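Per TrEMBL, these features apply:
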COMPBIAS  7-19  compositional bias 'Basic and acidic residues'
COMPBIAS  62-71  compositional bias 'Basic residues'
COMPBIAS  120-129  compositional bias 'Basic residues'
COMPBIAS  572-583  compositional bias 'Basic and acidic residues'
DOMAIN    440-518  domain 'BING4 C-terminal'
REGION    1-134  region 'Disordered'
REGION    538-611  region 'Disordered'
Amino acid sequence: MEIAPKPGKDVPPKKDKLQTKKKKPRRYWEEEITPTAAGAFPGPPRNKRNPELFPQQPKNTHTLKKSRISKKPQFLNKSRERTNPKPQQSLSGAQDPFPGPAPVPVEVAQKFRRIDRSKKLPHSKSKTRSRLEVAEAEEEEISVKAARSELLLAEEPGFLEGEDGEDTAKISQADIVEAVDIASAAKHFDLNLWQFGPYRLNYSQTGRHLAFGGRRGHVAALDWVTKRLMCEINVMEAVRDIRFLHSEALLAVAQNRWLHIYDNQGIELHCIRRCDRVTRLEFLPFHFLLTTCSETGFLTYLDVSVGKIVAALNARAGRLDVMTQNPYNAVIHLGHSNGTVSLWSPAMKEPLAKILCHRGGVRAVAVDSTGMHMATSGLDHQLKIFDLRGAYQPLSARTLPQGAGHLAFSQWGLLAAGMGDVVNIWAGQGKGSPPSLEKPYLTHRLSGHVHGLQFCPFEDVLGVGHSGGITSMLVPGAAEPNFDGLENNPYRSRKQRQEWEVKALLEKVPAELICLDPRALAEVDVISLEQEKKERIERLGYDPESKAPFQPKPKKKGRSSTANLMKRKRKVMEEEHRDKVRQSLEQQSLKKKKVAKPVGTRPSALDRFVR
């Protein structure tokens, strides 16, 4: 049956879709395809898969179905890919010009490795050996990932470089402030506080907050970047030192009589009367230990997580007012009036080491962030740099016209020394290298005598406390430019700080593990193992490791269960032990027979006491 067309407009016949379709522009990775004879661009067929990218499988073969529960790849596909590797292709058909992961230089990856691959693995049990091999493989993988992520650390430290013949020490702070951007220029400021000086100051671990205390009782804490004041109080007592604890929410103040703990609102939380006449404070962040030294000559370790005094050591060196910590191994360095520097740990009642540094008393001590170099200054006007890697020998020395009363190291190895109302800064070759004492890198004169120095973490800023107040100096190239956001994040919120605090408490290092070489904790004490083995042999009367352990043969019919195997092993061990004891008793009886009296002698009442 034919249907007549509707009356009205004549509908023209539809054109072919392939003819009317516009030509698709060719991409740079696609090959040029010549059009067909009719001048049309055929293009890929619809609703059909590309046979080149998706090859068809024969119909009669059994294929492995993908599990809906497990997302692991099938073993058959793995074997095929290994035997017939094909270049990776995209949907467009282009090949990757750089297949596989990007190569990592060996020198860069070596910097992040902690396991010495040059040492061979000990001949131990197979299970222990396999664990060591797995740990080495994981460590190598982590070092490669860290080397790759180092490319993201785009910030680099920048130093002042003078023109030909120009001395950088003559560049003033006003010139530096004028040359830098507005945000960096705002980091240089002066707080004129003549009524309550001189001042001691301390930066928080993140470098965002600043706390300072004056000799006449003025205590304040603020966010020095935004200049927002957190708290300000007057304790009506002399303040000798001030320290932030594990976060900016807690503040330790060494007052004239006792040690006091305040929060960031200025509210007194604790008064620790066992720590009296405190002169200096130090806080060990990974151990949660607050260290104090006093006029009475005692070095005290206070665990702030539980509020317990871990150790109270008598240094037997008189008044203690020179103290610093080694950030590498958490060892406390004390300077004494006889020119020596002693190294202390809470696990030992005696100093770990003593170093003779000066002919006169020690005025200041500082240790760099790598723990390899120590700077000391004494009454003999000498400034010395010592090597702490076992030799304890001076690397360089310099005589100053006026002795340095305060020293401080930056994260990048710069050394600042306060001499009267002048601050000199010396620079070295970089992080981990000792500073060069030939000529100063920067010099600045203050309005009062220096009473405290500290470099701000992650900022090119040096905080100076003096008799006239607080001064924030700009020191280009002083700090580490890249910070770890999971460890010390200057921009963390309150919630992030609380979570970090919980994690830090769970990962707290015990105070007993503080020693000179922290790498020795991961090594095996061979001498103690040998001594323990000898004592065990003397106690048992035989060497239990001289003979291979008994391994029972497997039996059938359910007689090789774990309980039966353990019973058979225990039975053999008891028999061997019984034989050893029997042999030792026979040897003792033979010795008694040799010592016995000759035949024919009359028995005596005293024979019962003969052994």
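The backbone N, Cα and C atoms fix where each Cβ goes, and this holds for glycine too.
All annotation found in TrEMBL is predicted automatically rather than curated by experts.
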Given the compositional bias 'Basic and acidic residues' (572-583), its same-chain partners at Cβ distance under 8 Å and 6+ residues beyond its ends are 540-542, 547, 550, 552
Taking helix as H, G and I and strand as E and B in DSSP, count the residues of the compositional bias 'Basic and acidic residues' (572-583) in helix, strand and coil. 12 helix, 0 strand, 0 coil
Just to confirm my parser: what is the rounded mean pLDDT across the domain 'BING4 C-terminal' (440-518)? 92
